[in-house]
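Participant: Mind looking over this structure? Questions follow.
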Amino acid sequence: MTRRVPVVASACLAFALTACGGGSPADSAPAALDAKADLSKQSLTISIWDGYSPKDLPERVKAKLGFDTKVAIHDTNETIVAKLTAGGDSGIDVAFVSGQYAQALNAQGLLEPIHRELIPNLKNLYPEASQLAYDKGNAYSVPYTWGTTGLCYRSDLVKTPPTSWNDLLDPAPELKKKITMMTTERWLALPALKLLGASVNTADQAVLDKAKAMLLKVKPDLLAYDDTTFGDRLKSGEAVMVEAWDGWCPTSEKNIEFVVPKEGSDLWADTMVILKSSRNKEAAHAFVNYILDPEVHGWVPANILYRIPNKAAMDKVDPKLLESYPTLAEPPSELLKGESLVDLGEASTAYTRLSTEVSAAQ
Amino acid sequence: MTARQPVRVLGKASGRLATMGPGFGFLTVFLLVPLALVLSYTVFRRGRFGGVVHEPTGENFARLADPLYLEVVAGSVKLAAITTLLALLLGYPTAYLIARLPARWKVIALVAVVLPFWTNFLIRTYAWIVLLNSEGPVNSGLKALGLGPVELLYTDGAIVAGLLYAYLPLMILPLYSAVERLDPELREASANLGARPARTFWSVTLPLSLPGVLTGCVFVFVFVPSLGNFVIPELLGGGRRIMVGNLIRDQFLKARDWPFGSVLALAVVAVLVLLLFAQAWAARRAGRGA
């Protein structure tokens, strides 16, 4: 677990940059694609988080499919969404973005519908993979990784293992100043919303106000707000319990455990989307199909320890690995208990205000 | 002579164009145009996914008066003021001593002042985290002395320390050039007329270096809340305190609210310009007085 891929670090933050503002879902009929197109005449540019795919992916794609692939790197959802919505042709054919961002991109009419007949490997996915709220039925996105948010803690330094979000929001005296929460708005609100029994996608101002009161109450007891280095803080013992994404909790360390609190949590997914502006749509589909190959997709759990929605690939994961990382071995039904994050559109301002109010409070 | 004159004038004009043109063009393209864009965003509504919808509105400016944002501004100004004061108290003696050093040592001392800039800013900020955290060397030292551990990191104090460290050279350099420029004969004259060194400092050196003091203070005070930096509050403050810089960044990257982000950015630019004007005016007055 040496690599920290800033995947969802800022999912839900925001999309940026479109001069033209909103848009409506694409309703024009998708262009017909030629299943027998000569792929060697096409080339592909993908944009993905650093370290999120095998280094030799372009060579492997070239050998297998016969076209050149350029890999561009983005560090957050915002940067890639900014690029894609800046107008004109971004030059990107396939982008990796979190689910709710895929939803927003599609709402702006920027995404090519998935041509299922060109991606036979979709059959490798768990049935649950098409039940994600941001895109039921995978109409315009194909999930690449998925996971949830919970509590990551030092089993040797926390007396009673946490079971509830309340253990974070009303910490025991010995945990004070030794816990961190996430700062990205949707995840900042999540523990309080779940403890209130509300949806992580709620737009109810009364609920958000209650959540705010809880977040303000715990602020003095926090060590820090932290989206990126909480794993290191746990390792050093500076923090003993942190709000964390499952893939980021360094459970490979002896005394570090991950738990999803009993009130439930979210379900996030990072997805692959094909841009409507792409001039290499056949190659793009072939690429997505190639990623879903168990040998290729299996690289993810084996190397960066993220869970993937690919049953065929998960079945091939080394049992020893699953033994050391119990969360990897959980069936998707466990994950599906989490609530899928969706884009909130206009209501997202309420979350922005909430997070500004919490951070500005002294 | 008269025949050659027009040629020379022409040569001058094209020479001016050749020397000023690139810089002027650069500023136009990369400063004025973006600034004009920012200005234009302030009067429109926010787009659902960022950007702007071209419907005029005044509400972006009205939001500036929201107590929530005023509180952030007040907090930033407080931290900036403390940082500026500390920078002055630390920077003046340093600059004064450097100006009195032999020429060879002056160069070495000045290089030492700017030396930290050769290392990446983020790495230097992380170094402060290592120094100040509860298991770090400072706290280990305090513990050994029976004084600790003390909560150092993720406090306003840590933010001020980081800001002070980052912007101290901006105080030292103008102060140094102000003190260094002073004619040593003025000090000698003061001494000849019977003033003790302290009196000479208060009545001669300090008043004459005031323009440098002002420049340094304006630099530090302006840079801290504006450019200044959403990184230090985030890393050293643990995200528990936000400054105007964070607020502006968040409007663009998190809130997708370009118009309000533009209003905030513009407000900071306006304050900056006002302060620089005040500084220029004060410097001119001081210059005239001398």
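Residue numbering: from 1, along the chain as shown.
Cβ from N, Cα, C; glycine included.
OK, TrEMBL features for this one:
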{"type": "TRANSMEM", "residues": "B:21-44", "note": "transmembrane segment"}
{"type": "DOMAIN", "residues": "B:73-281", "note": "domain 'ABC transmembrane type-1'"}
{"type": "TRANSMEM", "residues": "B:79-98", "note": "transmembrane segment"}
{"type": "TRANSMEM", "residues": "B:107-132", "note": "transmembrane segment"}
{"type": "TRANSMEM", "residues": "B:152-179", "note": "transmembrane segment"}
{"type": "TRANSMEM", "residues": "B:200-224", "note": "transmembrane segment"}
{"type": "TRANSMEM", "residues": "B:258-278", "note": "transmembrane segment"}
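Describe the structural context of each listed feature in the structure shown, including burial, neighbouring residues and relevant distances.
Facilitator: When Cβ-Cβ distances below 8 Å are used as the criterion, the transmembrane segment (B:21-44) is approached by residues 52-58, 60-61, 258-259, 261-263, 265-266, 269 of the same chain, each at least six residues removed from its ends.
Beyond the ends of the transmembrane segment (B:107-132), by six or more residues, the same chain brings 94, 97-98, 101, 138-139, 152-153, 158, 161-162, 165-166, 168-169, 172-173, 176, 231-232, 235-236 to within a C-beta distance below 8 angstroms of the stretch.
Through the fold, the transmembrane segment (B:152-179) approaches residues 79-80, 82-84, 86-88, 90-92, 94-96, 98-99, 110, 113-114, 116-117, 121, 124-125, 128-129, 132-134, 136, 138-139, 205, 208-213, 215-217, 219-220, 223-224, 228-229, 232-233, 235-238, 240-241 of its own chain, all at least 6 residues removed from its boundaries and within a Cβ separation under 8 Å.
Outside the transmembrane segment (B:258-278), and at least 6 residues removed from its termini, the chain residues within Cβ reach (under 8 Å) are 35, 38-39, 41-47, 50-52, 57, 60-61, 63-64, 69, 218, 221-222, 225-226, 244, 247-248, 251-252.
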